[in-house]
Amino acid sequence: MKYFLWSAVTIFAIVNVVGAKNSDFDPRCLRACTAIYRPVCGFDGKQYRIFASECVMAFENCNLLLKSQKAFQKTLMSFCQVEEDFDSDFCPEVCPLLYKPVCGSYGDIKKIFPNECELKRANCKFGEAWEKINMDICRNISFKSELIDPKKKCLKPCNLNWDPICAFDGEKYFTFGNRCDMEIQTCLRSEKNWTLIRKGEC
């Protein structure tokens, strides 16, 4: 999960040829994109989706158009938060930088998520089973008990560099955008910490 605090930073671009290792994409769409994480929100008329950058969205749109499918149009990042009326099969790769807390229940554990997208991502990406419940329930629980407030305990500034690392939780491997992102996700999880396996994608 990525909670980046926007700041004015100078980052040197690293060129990455998008699609070069993926045989599912048409070679006519290969392009050099910087490996800097600057997310944009796209909408294809049915679903919202977050792309790592405008360049990556353009690359995927190229492949969609060659297959006579509808391309994504750039829209406001705030639209990419997962709402209840979204497609239930949609699993966000990254969530918007929005603090609109929701209360989640996982068995006897209650936990505050920064937004509904993060709750959904915990379920579909990490195999958890959080259920959204009334926010008052989380507010009424003492923070000294099992309640976790990620805004206070887990969120911290992360840079926008795409410096992927491969992590393992004992069951599955997962690629995080950088080490800071992995540390936040480990903090937010109620079970099974992520362990760094190596630098680079899994």
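Each position is counted from 1, following the chain as shown.
Yeah, the Cβs are placed from backbone N, Cα and C, and that goes for glycine too.
For 1-20, the entry in Swiss-Prot reads signal peptide.
Swiss-Prot lists 23-77 with the feature domain 'Kazal-like 1', giving sequence analysis as the kind of evidence. In the domain 'Kazal-like 1' (23-77), helix, strand and coil residues by DSSP number 17 helix, 16 strand, 22 coil.
Per Swiss-Prot, the feature disulfide bond maps to Cys29-Cys62 (among others). Counting every protein chain shown, 17 other Cβ atoms lie within 10 Å of the Cβ of Cys29 (disulfide bond).
According to Swiss-Prot, the disulfide bond annotation covers Cys33-Cys55 (among others), on the basis of sequence analysis.
Under the heading domain 'Kazal-like 2', Swiss-Prot lists 85-140.
According to DSSP, Cys124 (disulfide bond) sits within a helical segment. Positions annotated as disulfide bond by Swiss-Prot: Cys91-Cys124 (among others).
Taken residue by residue with DSSP, Cys117 (disulfide bond) is part of a helix. Summarising the annotation, Swiss-Prot assigns disulfide bond to Cys95-Cys117 (among others) and lists sequence analysis as the type of evidence.
Residues annotated as disulfide bond in Swiss-Prot: Cys103-Cys138 (among others).
The N-linked glycosylation site annotation in Swiss-Prot covers Asn140 (among others) and rests on sequence analysis. Counted within 10 Å of its Cβ, the other Cβ atoms near Asn140 (N-linked glycosylation site) come to 11, all protein chains included.
If you look up Swiss-Prot, you'll see 148-202 marked as domain 'Kazal-like 3', on the strength of sequence analysis.
Swiss-Prot lists Cys154-Cys187 (among others) with the feature disulfide bond, giving sequence analysis as the kind of evidence.
Marked as disulfide bond by Swiss-Prot on the basis of sequence analysis: Cys158-Cys180 (among others).
Feature annotation from Swiss-Prot assigns disulfide bond to Cys166-Cys202 (among others); the stated evidence is sequence analysis. Taking a C-beta cut-off of under 8 angstroms and a sequence separation of 6 or more, Cys202 (disulfide bond) has the following same-chain neighbours: Cys166, Ala167, Tyr173, Phe174, Thr175. The secondary structure of Cys202 (disulfide bond), as reduced to three states from DSSP, is coil rather than helix or strand.
Classification of Asn193 (N-linked glycosylation site) by DSSP places it in coil, neither helical nor stranded. Sequence-distant contacts of Asn193 (N-linked glycosylation site), defined by Cβ-Cβ distance under 8 angstroms and a gap of at least six in the same chain, are Asp169, Thr186. Under the heading N-linked glycosylation site, Swiss-Prot lists Asn193 (among others), citing sequence analysis as support.
A gap of 14 Å separates the Cα atoms of Cys33 (disulfide bond) and Cys62 (disulfide bond). Comparing C-alpha positions, Cys187 (disulfide bond) sits nearest to Cys180 among the recorded positions Cys55, Cys91, Cys103, Asn140, Cys180. Summary for the disulfide-bonded residues Cys33, Cys117, Cys124, Cys180: the Cβ-based neighbour count within 10 Å is maximal at Cys117.
According to DSSP, Asn140 (N-linked glycosylation site) is assigned to coil rather than to any helix or strand. Neighbour counts were taken as the number of other C-beta atoms within 10 angstroms of each residue's C-beta; across the disulfide-bonded residues Cys91, Cys138, the minimum falls on Cys91.
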